[in-house]
Amino acid sequence: MGSSVLIIVVSLWLMVHAFAGNFYNDFDITWGDGRAKILNNGDLLTLSLDKASGSGFQSKNEYLFGKIDMQLKLVPDNSAGTVTAYYLSSKGSTWDEIDFEFLGNLSGDPYILHTNVFSQGKGNREQQFYLWFDPTADFHTYSIIWNPQRIIFSVDETPIREFKNEESLGVPFPKSQPMRIYSSLWNADDWATRGGLVKTDWSNAPFTASYMNFNADSACVWSSSTSSSSCASATSAPNPWLSEELDTISQGRLNWVRNNYMIYDYCKDSKRFPQGLPPECSVAK
């Protein structure tokens, strides 16, 4: 390898690792009795599930708005009955929450990516998608942009969902409660796969999901001692995501996902809402 090529490779490696978090520094393993592991000097985290227990972790920091990226590689082969959840959530009876949940399936059948938004303890805003790749074969980046105007869910920088602030319509929006990042791998074979018809095959256990390249460098870290965020500081760097919205190209990619890979949208489920669809569903998407 020539010296110039080597310099480029090393520079790219340094760039990736400069922006990637370290799991030892950023997260606490919260349950699982050793089934969750931090490996490779903090560059890799794995969660495992067997018949006795699943496992999970949470971020050390709380955030109030931010752009948050995580690379995941999901449980391979027969993952039916398992759920890998990756989400933001606050505490209390009127909690806020922004969800990615990956519903396992039989070998050869696609995973279902389940998304939801809770505000003031109320959810029921599910959208579900198939993915346009095998999420078990390699790592892919799952991102949340959360600002005062909207929440954007993205996969490998392709937006799949936008939830706008429609408080003018009486729709609560998560904007005042700081949230931690959580992830867990658990057994949900009472509902996860075909409504609970397909059960977990424990002969395939342990099931393992893997995580790397967490990045929340530009997110607003909340301080409970001062009741303020790092973005409120006069010395904090400007954050373009704080006012980010979908441009024409991104809107086109979102529409491509909706037209080809969306399999459930609560705004189209009139049977579920006999008194009328939620008010945000009346706004043009």
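Cβ from N, Cα, C; glycine included.
According to TrEMBL, the feature active site, nucleophile maps to E97. Residues annotated as active site, proton donor in TrEMBL: E101. The feature domain 'GH16' is assigned by TrEMBL to 17-211. Per TrEMBL, the feature N-linked glycosylation site maps to N105. Taken from TrEMBL, the feature signal peptide applies to 1-20.
Note: E101 (active site, proton donor) has non-local neighbours V83, T84, A85, Y86, Y87, L113, H114, T115, N116, i.e. same-chain residues 6+ apart with C-beta under 8 A of its own C-beta.
The separation of N105 (N-linked glycosylation site) from E97 (active site, nucleophile), Cα to Cα, is 25 Å. Counting only same-chain residues at least 6 apart in sequence, those with a Cβ under 8 Å from the Cβ of N105 (N-linked glycosylation site) are S79, A80, Y111, I112, T193, V198. Across the residues of the domain 'GH16' (17-211), the predicted structure has a mean pLDDT of 96.
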